[in-house]
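To start, the structure under review is shown below, and the notes come after it.
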Amino acid sequence: MILNAKFLISASKIDEAPQPIYTEIAFLGRSNVGKSSLINTLCKNKNLAKSSSTPGKTQLINFFEVDCKKDEDKFKLIFIDLPGFGYAKVSKKTKAIWNKNLDEFLKERSSIKLFIHLIDSRHENLDIDLNLDLYLDSFIRADQKKITVFTKADKLNQSQKAKLLNANKNAILVSNLKKSGIDKLEQKIILESLGFNEE
């Protein structure tokens, strides 16, 4: 389980990132999908990661040190809140630099062991998410894994939820508002981080 967490540092590129010490978990998805809010819910601290209703607000790579426990063992993880893909009120030049820095960070940061791809459950097949999935698959290593998480589950009815999960067998459906699916995701993160595999 996650005990608590604290903000470490913000970085705009890999050179500014802290030296990797612990296993890292990267949260990524399109803008305004709820990455910061999910990190806050998982860490039981609504003020930890700064979330905003304005798409593209998170323009830096933010690192959080997370204290965890499984049985009697305590350990630390690093959660990484990444800038949202696909939307930002910035110039084309700034966006190009930003995308280059993100690409370099994701491909070269070998301490990232788990990618959590967040998708708005109401819009499951957008090109940006399909492309992000293909992008991750293009470089993900044998010692890395990917979890698909559908957010904003409270916006769906029961039949919509069932249909979504039926089409995406290994995905997890969460709602920050209702706190549903959070425990399941938390357990999955802990197990994967420790090298366990539930399947």
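For all residues, glycine too, the Cβ spot is worked out from N, Cα and C.
Here Swiss-Prot flags 29-36, 56-60, 81-84, 151-154, 174-176 as GTP binding site. According to Swiss-Prot, the Mg(2+) binding site annotation covers Ser36, Thr58. The domain 'EngB-type G' feature in Swiss-Prot is assigned to 21-195.
Feature annotations (Swiss-Prot) mapped to structure.
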| residue | record | Cβ within 10 Å |
| --- | --- | --- |
| Gly29 | GTP binding site | 24 |
| Asn32 | GTP binding site | 21 |
| Lys35 | GTP binding site | 28 |
| Ser36 | Mg(2+) binding site | 21 |
| Leu60 | GTP binding site | 16 |
| Pro83 | GTP binding site | 21 |
| Lys152 | GTP binding site | 21 |
| Val174 | GTP binding site | 26 |
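Taking the C-alpha atom of Ser36 (Mg(2+) binding site) as reference, the shortest distance to any of the binding-site residues Leu60, Pro83, Lys152 belongs to Pro83. Mean pLDDT for the domain 'EngB-type G' (21-195) in the predicted structure: 89.
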